[in-house]
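Engineer: Handing you a structure now.
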Amino acid sequence: MAGLQEQLGMTNNQYSIALTVTYIPYILIEFPTNLLLKHIGANILLPAMVVLWGIVTALQGLVTTYSGLIACRFFLGLFEGGLLPGLSLYLASFYPRQRLQLRISIFFAAASLAGAFSGLLAAAIIKMEGVGGKNGWAWIFILEGLFTVCFGAASFWLLPRTPQYALFLTSEEKQYISEVLQDDGVVAANASEDEFSWHHVIETFKKPHVLVLTVAGFFNGSTLSGLAYFAPSIVASLGYTKNQAQLMSVPPFAVSFVLSIVTSFLSDFYGRRGLTITFFALISIVGFAMFLGSADDSVRYGSLFLLLPGTYCAAPPLGAWVANNAAPHARRATALAALTVATNTGGILSTWLLGALSPPPRYTAASATLLAFQVGILACALANVLYLSARNGRKRVERTHLGERREKVGVVGDDNAWFEYKL
């Protein structure tokens, strides 16, 4: 990153270790934070994580040794780990299932937009080389970390704990949201039904649709993390300078942002999570085939316009699909945490695949492995659609036998006959 590896004198192995260290606490913290989110309050826990994460990010700009970097990366993972599953769970408590993917996509697409602007920002900040006696890469960490702290601090006042605490909603709107979420099976009509239960946590891991999407999350996480960390390095391997590489990595991220929003709107409108994931898996497969099959630098650069959207845009439907089909709250919290743990476990693999085990400029072994993973995502999506379709068919038969005696979906969960799985 902008000379970090060279100036700290790190080998490729050491650089991969520095990236891997982040994922260990990242993974370990995700289940506890998601299960505690409702008890502590998202309006407190999420901003606190952002502030602490920003502080550690800024401190990375002060490190002068490899061991100092390792320490910072560990605490970065510890404070950042619960953010993604926590935000997904938070949004799932505000919106009915049919409208969730677009909302997840808006905040996740911000990661693509951040990837685009971070390239531009990094190219500008690198020019601060020597200012205050610090390297350009150090200023990247310091300035981006300070911005994160400011945003996190403001979030303590901006985020409502639940829809019922939202100052921007009228009493009638709060009542309407509560009724819609109960009818959709997102929240329970009886609050006690939504309380934490180890039974619900354990039952989550017995659900085939959760497990198959967890596997897909691992595959997607491997690709997503690899491209996030190494996209500038991949571009640089095509013959560009460091500054040019930062700038040339911007357009593929920008395309990802636009596609993520558009396809999420369509996915919510038509209610087709599996089809969306299938579409992006196919795009990624074509992109990896281009990257592997051509020695032409322009073709390989062009492949990033398929690889990055195909990977980034698959994450929102994965998260929405898991959240849509897990209820009550404890199951949803567990399922989203499991998906994120799997995603970040894939990230550990990617730090080695696109580093010590598969060096630039071709990244041949890594690209072939990630291509196979995209085929795996495709298979998982199709298998899950078939499984959920069959389950919905059995539920329709069960509803026929039950007749008109309908229970409120909100008081039970995804096992209820009137809880229709989203495809």
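Any Cβ shown, glycine's included, is placed from N, Cα and C.
The domain 'Major facilitator superfamily (MFS) profile' annotation in TrEMBL covers 1-392. What TrEMBL records for 15-37, 44-62, 68-92, 104-126, 138-159, 210-230, 250-270, 277-295, 301-323, 335-357, 363-389 is transmembrane segment.
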Engineer: With the transmembrane segment (15-37) as the reference, which stretch in 68-92, 104-126, 138-159, 210-230, 301-323 has the largest tally of C-beta pairs below 8 Å?
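Structural biologist: Stretch with maximum Cβ contacts: 68-92.
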Engineer: Do any residues, 6 or more residues outside the transmembrane segment (301-323), come within under 8 Å Cβ-to-Cβ of it, and if so which ones?
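Structural biologist: Distant contacts of the transmembrane segment (301-323): 88-89, 92, 97, 100-101, 104-105, 108-109, 111-112, 115, 210, 213, 216-217, 220, 223-224, 227, 231, 234-235, 238, 248-249, 251-253, 255-256, 259-260, 263-264, 267, 273-274, 276-277, 280-288, 290-291, 294, 332, 335-336, 339, 343, 374, 377, 384, 422.
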Engineer: Flag the pair the transmembrane segment (68-92) / the transmembrane segment (335-357) as in contact if three or more Cβ pairs fall under 8 Å (sequence separation 6 or more).
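Structural biologist: Between the transmembrane segment (68-92) and the transmembrane segment (335-357), contact is present.
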Engineer: Looking only at the domain 'Major facilitator superfamily (MFS) profile' (1-392), what is the mean pLDDT?
Structural biologist: 89
Engineer: Please report, as numbers and ranges, the same-chain residues at least 6 past the borders of the transmembrane segment (250-270) whose CB is under 8 Å from any CB of it.
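Structural biologist: Distant contacts of the transmembrane segment (250-270): 98-102, 104-106, 108-110, 112-113, 115-117, 119-120, 231, 276, 279-280, 304-305, 307-309, 312-313, 316-317, 320.
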